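As given in TrEMBL:
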type: BINDING; residues: 32, 33, 34, 35, 36, 37, 38, 39; note: ATP binding site
type: DOMAIN; residues: 11-476; note: domain 'UvrD-like helicase ATP-binding'
type: DOMAIN; residues: 477-792; note: domain 'UvrD-like helicase C-terminal'
């Protein structure tokens, strides 16, 4: 180890950080835990090297992303400028200035960028045309790959080769050859992650070479046999633990049973060790545990018997794993391997053909993709001239040190490239930084075993030195303690691929956080089983587990902001109120992001979405796709009707039905054409649209997709329209992004609307997104992103959500499976269409599952370590009881680290977390249950567990439910008919606005005009006047058509509950004592007289009615029973311009009618009161006054005119909230 300078007292670096900055003279691996300041250390190391006289262009710094490379350059630039300002020596200042000048051209970049520079410099060594274009657009690359694959496959289809058709049948299905195509592409991608793709593919064929005996088959010898032996040995350990528990009891029969179990398990172990494989196979497959001895509950040793039984059950589970791992006898096992080799050969042959075809297409178009950069750069570095590697020698001599950031995400090919530019001789000059616990890019072929191998090897100073940065300077101790509690029990080499030991644990580093009791981690658990009945879900707005969970999140965020939760500001060094921008929501996938966005919009919570899956499912994108489809071919019914129904045309269901009634043509487009000449209320709309469609179809033949889309947006105003929808800016960005992607498509070698639509359909089928539009930038908004997107970021408050989502295990169900070292495992399909898994398939499946679960575990680690101060974990369970039953599987575990079987059988984050919490000393208190555990974990971690049910999250909306204040159905029907008659009049009228309103209005219709004026203006907006609905005018009406009776479901709605409550309030005898019993008796009488429905009787909020009559106002009502009037109808004449502000015509009157809930006269003055059963989520008084001020004002005017008395008090009684408001 070189001499490391003493750390000055004023330096804030830890000792290990200081070592990482100055250590050298060998290969160095820095294992930097989350929040440990690795980037700061890396930058300081570079600066210290420059201070010692090194040059920035003699360092190769490889980052994982372009953003990381740019950040690195910016930090080094700032540090160099500081060094220049602080340096008094002119010569050193000049040196620093020179480094600053060289910084833009230095080798600080991604590995792909470095490979590109190698190719630009040495392209001639491999006879590569230097005039190539980088294929950076995924659109063009996907199209080229599909073209190449289609060419290859079509050639084989034309050859009518029976073996090929057998191959298609093996990996495709009766409807499609998609599975076979996917296999070829998967093999291509896997092979290209290796430095020699052909060698990797050839090895696959070799692994299926027949052997004489199973014990000689490499995969069985190296994987299957050791794995089964380990399972059998673990079975014995579990049974022995059961024996130990009952050692000092009187359970002789149980003891004998367990001893027999051990003897039974020992038999196949001995057979395997002696390579008596047929015997071992039969022993394992025929092994069966005897029935457990019955022990009565009143037996003194009953608890010990049950505990011993639980360990025996674990052994039985392991037996199942052993039997599945070797399902066929040795002879059949070898036969399946041999028979599968032919299919493997074809797969390899087709993949190689595809490689050649794809390369030729790229060569013809002079393009290279990112994978080409790596392979061509490696070919250049390997190329020798007269025994000399020109390029490799140049870079080895150029770079004093090679620094690799995020080393845990490097793959074998990239490792090989790096090996050709670093010094091969000792001492090494590699400096690698990363954290294998954050390796979450297996889908990019990242290989964390490279890091792990060096982590173990360098710990003993073999080939290099290891430095561990364990201090976390990001998070509060509460976050770190909880994270350690989880991963001390979850992560080890078997599942996680690294031991979470003392060296790996997070250490509290940022001690400036003030102490507080509010920052412990909280689990927010939604119980979906406790949802309301189906007939109530519409009322509460929760119809699935995802919605329930999202309501939990939005409610909690609103609560934090409204209660001004205190966040410690590191820059200001003081507490401040939380903002929306302090919060982030992290999820495993983007699947529900658009759904979550909608719920946040409903709650008026600002949100920033990084991107969302199902871009094509966005309403605005779906609409434009439908337009493009009918421009290409209008005979497609579904997209054609979708466009007619969309705001672009604006037909409703009734009008669409009328078009079909008017014409029985088979295609809807033909029916549409016939309706152009039929007079109707929608004729103008469809005629205008038809003219637009003809224009667009003509334009599509001669102009670009970009111009076509712009024309559609301009002709329809659709871009402006979506801007007025919720999340309008984001929707506009989606449409603009669509244009951008269409432009990119046409800049490739592919042209035409038909091909573009075909490409989009292909992307949809493969569940790929066409674009990731730039999100609307909001400074104070909740961030929503995936765990992958959050890597490297930090947030004051983190919500890790959708914890009950099952891990993706689809790969384990396919007919093939791939692995980096072992190649391909396949199932064999026999003549009876029965699939048999081959031994390679079984082994690879098991290995891949362990790797996949290890990656899921590391994803959870990344998610938990994003939080600076407060961590919320949100998930859904069926109910509390079933959740605890599942988590209790871990209760009897006696080791700190949970068994691999338990961890691999769990398939959700929430179960992993629950397994780790159930043995904690405070768990039982948190769930208010008695939990028996084999051991109690005493740990400083603190946490809370909260359960939520549907009725706790949102309440029924009853805002429009006052049935006694609504216009009768007959009146509405009459006035709609009147409106239609007036609209048919041809005679010009002096006051045209009067023809657009009814002269008879109900208060409930008008009350909305007194609400939030901005909201009302939005309600009045009609998109383009020519499409204004025929029946609106100045009447406040509903746009909904009545649903046919046969489609109606019998539901108890908020409106019905409100009406029933009003009926009871109307008929209560206030001269008699009002008690719960009297209210129930009255409701029963109303039910018997068929005034109230039987189902409503139990739904009436009797306690709210009792509260009212016990209130001061209620007592006044009782005292003034003589003058009390209830449900009083009224009608009065009002000037039209008093109702509608923009109604400026003179001599226009309206008859306003309504029903007053109640009033009484006191001291010659009217006291008016009105009951409401609405539920208001926030700002109760303000919202209620805004909503009902106008209504009570009209009631007051009507009563004052009718009785010729002043109204001295106007009372709004909010029964649900038990509040009385004065107006």
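Using the three backbone atoms N, Cα and C, a Cβ is placed for every residue, glycine included.
Overlay of TrEMBL feature records on the structure.
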residue: 32; record: ATP binding site; Cβ contacts under 8 Å, 6 or more apart: 38, 41, 433, 434, 435, 469
residue: 33; record: ATP binding site; Cβ contacts under 8 Å, 6 or more apart: 435, 437, 468, 469, 470, 471, 472, 504, 506, 507
residue: 34; record: ATP binding site; Cβ contacts under 8 Å, 6 or more apart: 435, 437, 438, 472, 474, 506, 861, 862, 865
residue: 35; record: ATP binding site; Cβ contacts under 8 Å, 6 or more apart: 472, 473, 474, 475, 506, 509, 794, 865
residue: 36; record: ATP binding site; Cβ contacts under 8 Å, 6 or more apart: 17, 469, 470, 471, 472, 473, 509
residue: 37; record: ATP binding site; Cβ contacts under 8 Å, 6 or more apart: 17, 469, 471, 473
residue: 39; record: ATP binding site; Cβ contacts under 8 Å, 6 or more apart: 71, 72, 75, 405
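Per-residue pLDDT, averaged along the domain 'UvrD-like helicase ATP-binding' (11-476), amounts to 94 for this model. Residue 38 (ATP binding site): 21 other CB atoms within 10 A of its CB, across all protein chains. Apart from 32, 33, 34, 35, 36, 37, 38, 39, the ATP site neighbourhood in this chain, defined by C-beta within 8 angstroms of the site C-beta centre, holds 435, 469, 472, 473, 474.
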